[in-house]
Amino acid sequence: DLNLQDKKYDRSALMLAAKYGHLEVVQLLIEKGADVTLTNEYGMSALMLASRKGHLQVVQLLIEKGADVTLNNEDGRSALMLASKQGHLQVVQLLIEKAVDLDHRDEYGMSALMLAAKYGHLQVVQLLIEKGADVTLTNEYGMSALMLASRKGHLQVVQLLIEKGADVTLNNEDGRSALMLASKQGHLQVVQLL
């Protein structure tokens, strides 16, 4: 059975091949009837697994073969969010072209932009903003992309977010601003900028 899923992580052969970027295997499995729409117990599809790992050609093929780009895993994260978090620029670009919701938020209120900002992926942040991602969104703790980047000390991301209209005066639910978060972590250049 091509669509049999393993006991440990509930993954099919297609999901495993997609996760590890084996393009020809993915191709063969799909040709032989593997289901591209299957998800595991965490709601992860082959497309999500490939997107998270940055396997561009696999992502391309899965989309061509009908994988759902709008699907979310059990945390409410889409393929776009998973690729953004890991900084896979070309995969993010491809998924944006497929007209996915840029400002979709997971169950913690995090958007693709917030994830990219938090992990310091400047080019992904730039692309998401260019394509219309909202820089003013906050997560369930009142944290904006600017705050997340400031706390982690991602200077260029902070700079870009400010240029693109992120609110430096905003406070999170604990009453802390981006400046306070950067100060607490000792990020001198970010503090100077803010």
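Even glycines carry a Cβ here, placed using N, Cα and C.
Going by TrEMBL, these are the annotated features:
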type   : residues : note
REPEAT : 9-41     : repeat 'ANK'
REPEAT : 42-74    : repeat 'ANK'
REPEAT : 75-107   : repeat 'ANK'
REPEAT : 108-140  : repeat 'ANK'
REPEAT : 141-173  : repeat 'ANK'
REPEAT : 174-194  : repeat 'ANK'
Distal contacts, the repeat 'ANK' (9-41) - CB-CB under 8 A, six or more residues away:
2-3, 47, 49-50, 52-53, 55, 57-58, 61-62, 65-68, 71, 73-74
How about long-range neighbours of the repeat 'ANK' (42-74): same chain, 6 or more residues beyond its ends, C-beta under 8 Å?
9-12, 14-15, 17-23, 26-27, 30, 36, 80, 82-83, 85-86, 88, 90-91, 94-95, 98, 100-101, 104, 106
The repeat 'ANK' (174-194): which same-chain residues, six or more beyond its ends, come within Cβ distance under 8 Å?
141-142, 144, 146-147, 150-155, 158-159, 162, 168
Grab the pLDDT values for the repeat 'ANK' (174-194) and give me their mean, rounded.
97
Using DSSP, break the repeat 'ANK' (42-74) down into helix, strand and coil residues and give each count.
17 helix, 2 strand, 14 coil
